[in-house]
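Here TrEMBL flags C:65, C:89, C:90, C:91, C:97, C:175, C:176, C:177, C:181 as FAD binding site. Taken from TrEMBL, the feature dUMP binding site applies to C:86, C:87, C:88, C:89, C:97, C:98, C:99, C:100, C:101, C:159, C:186. The active site, involved in ionization of N3 of dUMP, leading to its activation feature in TrEMBL is assigned to C:186.
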């Protein structure tokens with residue numbers, strides 16, 4: 001039952017994302033049919049630079065619906081249930097998460113907050129607590145199984161002792177518009193450290209695939225040039241907006 | 001840090017829900033304007049029985065979009081984080097949940113699974129574990145505060161030890177279409193016992209306000225007359241569908 | 001087959017909207033249960049001014065999810081199919097619209113664009129065109145009925161001649177977060193005149209019920225203090241943002 | 001201004017859709033991390049037959065959320081505004097549609113309903129009406145331009161005469177769960193003929209890519225084995241459900 005480490009993998013994304021966003025946006029203003037233009041977008045006959053400039057101007061104008069046509073699917077492990085409970089609050093997305101009912105938690109791994117890791121006394125206290133929870137889980141599971149509640153039935157109730165720190169794994173898909181919103185909220189220094197680390201990792205992966213869109217993505221301040229969080233919550237990286 | 005009990009309150013709902021559903025549905029097929037009909041719906045000049053029959057026939061046909069115009073807002077306490085993590089997976093809904101960052105968890109209450117309550121040894125083990133977690137939370141919080149991380153900063157990390165059983169409170173709003181879907185999944189005997197209890201409580205409250213719609217709501221089998229869960233998962237209350 | 005006039009009626013809204021938003025937001029940060037606070041919110045023991053200030057600060061911070069708990073339901077007539085095709089692109093909403101299949105279009109009314117009304121020649125041309133379409137609809141419907149396609153079957157095909165101007169009626173429900181987004185886009189001078197008129201009418205009705213939230217709603221510029229639409233599209237009412 | 005013909009092209013889809021659905025579903029029940037399994041899914045080390053059987057059993061059970069991870073993007077032309085107004089009512093989807101404001105409608109094409117095409121008198125009446133509308137559009141546009149309303153400004157108002165039959169073009173993206181729902185409603189014989197033709201074309205394209213999922217997709221009756229539409233609306237292809 002050791003501590004675990006964040007790992008985010010990009011499983012899949014819509015192919016030719018730049019051209020697809022370009023095509024979708026062009027269809028709104030073009031008298032022809034983008035399906036006829038599509039081969040010339042893929043071949044580069046319509047230059048990628050032109051496509052990229054167009055997408056950049058879309059981003060600038062704030063009219064973002066065409067970017068919805070492109071989705072990214074990630075798999076994450078080494079994340080806590082505390083993180084995923086926040087994550088799944090983002091409703092324009094799809095999730096498939098490891099079940100604490102169907103997967104036995106007897107040897108659960110856990111996420112260790114850095115501030116606790118840095119304080120030896122807190123770390124000892126945390127590790128002791130995790131070990132105690134593991135013991136309780138296994139004991140309760142065995143007692144429930146002795147009552148005739150096997151497998152999922154005993155996991156389902158024994159799981160009530162598992163900590164927020166318990167590791168979970170999740171597959172998630174978001175379209176680019178939802179991703180941009182996710183990054184605005186979760187790459188912000190106000191976001192909880194764990195989900196911020198995950199958001200940063202996702203943003204890196206997105207930038208690798210579609211730099212034309214994600215280069216300027218991130219916390220709201222990156223795009224606005226000022227911090228909209230107010231005096232009480234600002235991290236100070238950008239100036240507050242002058243009223 | 002005692003155990004807690006489920007409590008679900010109906011804070012608000014769209015007024016005159018039967019008439020509103022009736023009006024919305026009528027607008028689809030009516031050559032006039034339902035706003036002109038509206039006063040006669042409220043006064044009962046168009047009889048409630050007629051409105052109810054109409055809504056019943058809508059339900060029967062499976063064309064449910066007009067019921068979306070009516071929403072219910074509930075407040076729940078005595079529910080675990082295990083429950084709310086499942087709950088917020090229902091995406092066509094709005095949630096405002098008690099924060100483990102801004103609210104101190106030093107004296108958290110917890111939800112006790114009935115199967116554990118019924119087994120004295122398991123109960124003792126569970127209560128001991130909850131007490132141990134409470135001690136760890138307070139110790140770690142004090143140690144982090146001594147490091148200069150006050151308030152939300154220490155709660156945010158100390159919370160990693162809190163159990164899935166930890167009580168939370170949540171305000172939630174769903175429209176009737178989303179509620180019918182929620183009840184289909186969560187009133188089913190396959191659903192986890194805790195969220196089933198909450199769904200049953202919500203359904204009771206909905207029936208009190210709008211019996212015309214919710215009388216036949218509940219698990220899918222209630223509407224279908226057979227169990228669609230398959231041989232492996234059926235509870236046996238309704239026969240399986242014959243293929 | 002005369003021209004028609006916009007009419008927007010508020011059929012229903014979540015009761016006690018200010019208190020409900022306040023309660024939902026408080027639940028996030030409060031250690032108790034808002035259901036226990038609820039009677040004191042309704043009675044005014046917790047002053048409405050305090051509730052309003054709180055909601056205003058929520059608006060300011062941009063963390064808008066608690067306003068989702070409150071919904072408004074409108075009925076609109078005197079709107080064109082051109083308008084509703086734009087309207088229903090707002091996906092976080094519920095719609096029940098008059099069917100051109102089940103409702104006979106033989107004596108359809110139409111929406112007259114003001115710029116056409118102001119030009120006598122264009123007006124005459126427009127009215128002549130509407131009359132011609134009405135004749136064609138009735139003739140085609142009669143011919144299809146003579147082929148044995150009665151009622152909905154003939155409406156469904158005859159409707160292909162009906163103009164974008166043809167009047168429709170619609171019942172729509174949006175929660176406050178979706179409404180604020182709708183007003184940002186559709187109260188903007190860049191929006192098409194007809195949907196802007198409808199948005200303005202809806203905003204007036206919202207302000208009458210919940211001025212604490214909707215006083216500062218409207219086009220994005222009202223909230224931002226600058227125009228985000230760029231040099232090419234700005235109406236000039238607010239200065240462009242300096243880069 | 002001739003009549004036009006339906007054309008639906010598949011622009012893009014999530015790559016390796018079968019394996020992605022399999023991986024997402026497996027993550028829910030698997031103690032490991034599907035990212036580690038992913039290469040073996042792509043290489044066929046875990047056989048495609050096994051993946052297909054698993055997806056089939058998912059479909060059978062009705063627990064469809066893992067299929068959301070896969071999206072399809074189509075481009076359609078030769079479709080009417082009557083069709084797209086229905087189409088965009090499907091809210092779990094993304095749309096980019098040709099604008100009647102930014103694209104000049106002076107030489108619009110139109111969709112001709114088959115029942116009208118089969119009746120020579122109705123056909124003549126329809127074609128005459130389309131020609132008349134074209135004349136009116138061009139005249140009104142010229143008159144508005146003479147008033148100083150150029151380009152988009154004149155299109156925006158002249159479009160009010162354009163018929164529901166007027167051709168439009170649209171790029172649309174839906175995930176597989178939304179597609180299955182779309183096919184249930186729109187491949188049904190009760191659906192309007194034009195959107196049924198489009199749905200059938202989309203389903204064919206989906207079957208070509210992911211037969212394991214879409215083989216049994218289509219109208220509800222195909223899956224249920226009975227018609228749920230009731231005595232009044234059934235097409236007779238499948239028996240009604242016995243009550």
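Backbone N, Cα and C atoms are what each Cβ position is placed from, and that goes for glycine too.
Locations of recorded TrEMBL features on the structure.
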residue	record	Cβ within 10 Å
C:65	FAD binding site	16
C:86	dUMP binding site	20
C:88	dUMP binding site	20
C:90	FAD binding site	17
C:97	FAD binding site	22
C:99	dUMP binding site	16
C:101	dUMP binding site	19
C:176	FAD binding site	26
C:181	FAD binding site	17
C:186	dUMP binding site	25
For residue C:101 (dUMP binding site), the three-state class that DSSP assigns: coil
Between residue C:186 (dUMP binding site) and residue C:176 (FAD binding site): CA-CA distance (Å): 15
Sites among the binding-site residues C:86, C:90, C:97, C:176, C:181, C:186 close to chain B [C-beta, under 8 Å]: C:97
Helix, strand or coil at residue C:88 (dUMP binding site) [DSSP, three-state]: coil
Inter-residue Cα distance where the pair is residue C:186 (dUMP binding site) and residue C:90 (FAD binding site), in Å: 11
Chain D, Cβ under 8 Å: which of the binding-site residues C:65, C:86, C:88, C:99, C:101, C:181 qualify: C:88, C:101
Of the binding-site residues listed as C:86, C:88, C:186, the one whose CA lies nearest the CA of residue C:97 (FAD binding site): C:88
Max pairwise CA distance, angstrom, over record-listed dUMP binders C:86, C:87, C:88, C:89, C:97, C:98, C:99, C:100, C:101, C:159, C:186: 29
Annotated FAD contacts C:65, C:89, C:90, C:91, C:97, C:175, C:176, C:177, C:181, maximal Cα-Cα distance (Å, integer): 28
Length of the line joining the Cα atoms of residue C:99 (dUMP binding site) and residue C:65 (FAD binding site), in Å: 33
Separation of alpha carbons, residue C:181 (FAD binding site) and residue C:88 (dUMP binding site) (Å): 14
Nearest of the binding-site residues (C:86, C:101, C:186) to residue C:65 (FAD binding site), judged by Cα-Cα distance: C:186
Distance, residue C:181 (FAD binding site) to residue C:86 (dUMP binding site) (CA atoms, angstrom): 14
